[in-house]
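Here Swiss-Prot flags 3-166 as domain 'EngA-type G 1'. Annotation comment: Swiss-Prot describes 9-16, 56-60, 118-121 as GTP 1 binding site. The feature domain 'EngA-type G 2' is assigned by Swiss-Prot to 177-350. If you look up Swiss-Prot, you'll see 183-190, 230-234, 295-298 marked as GTP 2 binding site, on the strength of sequence analysis. For 351-435, the entry in Swiss-Prot reads domain 'KH-like'.
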Amino acid sequence: MIPTIALVGRPNVGKSTLFNRLTKTRDAIVANFAGLTRDRKYGDAEFEGKRFIVVDTGGISGDEEGIDSVMAEQSLQAIAESDIILFLVDCRDGLTHVDSQIAQHLRTLHKPTFLVANKVDGQNHDLAIAPFFELGLGEVHSVAAAHGRGVNTLMATVLADIAVESEADEADAERRLKMAIIGRPNVGKSTLVNRMLGEERVVVFDMPGTTRDSIYIDYERDEKHYTLIDTAGVRRRKNVKLTVEKFSIIKTLQAINDANVVILVMDASEGIVDQDLHLLGHAIESGRALVVALNKWDGLEDDHKSYVKTELQRRLSFVDYADLHFISALHGTGVGNLYKSVEKAYQAATEKYSTSFLTRILEDAVTAHQPPLVRGRRIKLRYAHAGGHNPPIIVIHGTQTSEVPNHYTRYLEKVYRRALELHGTPVRIEYRSGDNPFAGRKNKLTERQLTKKRRLMKHVKKKK
């Protein structure tokens, strides 16, 4: 599973700065979900090919009241759900009582915890970090998050132990189609899971009991092997009523990153709400293949159905590549049709293509619509090759590729989507510029060229 790293510490110790550096963004993703703190931030990150989720848990000052105490409590929940903890302290402030309190709590969790001394720049390194050894958390890793100093060394240490596990997960994904069922609370995720697993043709292996964590369920349907990742964390049992679902954004993000295909479940009776779009954004950002299911469809009046369809066209136009299903998980209407879309999306997301084929598509696209001029010179796109799958990545080589405008990239995405019949999956375009061996070198003119240049210059002067 993709590991989750929680950034923990007092307010203003640099958690957001480190978060932005790790996720390479200034605009932190704010998860504004019901029942969750408003300022907890989540983002996907990658370091040396290893993917992970970063959580900025918000500051814990120790004297919270009212809403602050709720936010602190939810920060503790995020810490408890994470796999690795980066505990940030401020070298300029030195060791504080709140730092000691937080350290005391972290020691009780028995999780991999790395003590990170931030803002070490401009200070005597050894003197600045010395007080923090008192916290009893082992080695002190010094960084200057604002400038990026020490961050790569820190992350290499933090992620060293998960390398083998990540490779094993990737190998396992090749053998079995993993699909994650995600959605906000009470849209019918658990009912859909039970319906999908309850079909007569489904053979479930080692059915787990009730748990609040995401559940990985291996099963077989029509001689095809699947792993279903259930983020709702509740199971059907005889004579037991459905329990209240505990929604966890961390578990949802982990499930998205670990899946090949994501099924986003929405409540048709409520239409599309902002929380649905937040989750959809995470799925798109991860690059996973996508299927959208509108649940509770059979209970709607015809007028409301028309309204919902209009809203879908208006608000989900940016994911027009995803199949849309109108289902009733409770009665089973339309549920079986999900598999066809899942298989099609998975096939498109994992297909392999030759360099010659991708280059031919590029050449046709450039012939039909040339890249724009930049400072009087035409951007040249020479050849393309595959750079990865799930999502499909097309790497295009050429000159001045850093100047390719967004609208032209969108054009190429549409061309490749149409040519490769990429149904149900996003496609990503990456550019590479070849190094110019003559960059920075002046041409040395021959004697004959110098004579010609002087003659031309005389002609220009006479005209003036």
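Cβ coordinates come from backbone N, Cα and C, glycine included.
Asn12 (GTP 1 binding site) sits 33 Å from Thr231 (GTP 2 binding site), counting Cα to Cα. The binding-site residues shown are Gly183, Asn186, Lys189, Thr231, Trp297; of these, the one with its CA atom nearest the CA of Gly9 (GTP 1 binding site) is Thr231. Secondary structure counts, DSSP: the domain 'KH-like' (351-435) has 32 helix, 26 strand, 27 coil.
In the three-state DSSP scheme, Asn186 (GTP 2 binding site) is classed as coil. Taking the Cβ of Val120 (GTP 1 binding site) as reference, residues of its chain lying under 8 Å away and at least six apart in sequence are, in sequence order, Cys91, Ala128, Ile129, Ser142, Val143, Ala144, Arg149, Gly150.
Rounded to a whole value, the Cα-Cα separation of Thr231 (GTP 2 binding site) and Thr57 (GTP 1 binding site) is 21 Å. Remark: of the binding-site residues Asn12, Trp297, the most isolated position is Asn12 (fewest other Cβ atoms within 10 Å of its Cβ).
The average pLDDT computed over the domain 'EngA-type G 2' (177-350) stands at 81.
With respect to Lys15 (GTP 1 binding site), the closest of these binding-site residues in Cα terms is Gly183, chosen from Gly183, Asn186, Lys189, Trp297.
In the three-state DSSP reading, Thr57 (GTP 1 binding site) counts as coil. In this structure, Val120 (GTP 1 binding site) belongs to neither helix nor strand by DSSP; it is coil.
Cα-Cα distance from Lys189 (GTP 2 binding site) to Thr57 (GTP 1 binding site): 27 Å (rounded to the nearest whole number). Counting only same-chain residues six or more apart in sequence, the Cβ atoms lying under 8 angstroms from the Cβ of Gly183 (GTP 2 binding site) belong to Lys189, Leu264, Val265, Met266, Asp276, Leu279.
When the alpha carbons of Trp297 (GTP 2 binding site) and Thr57 (GTP 1 binding site) are compared, the span between them is 37 angstrom.
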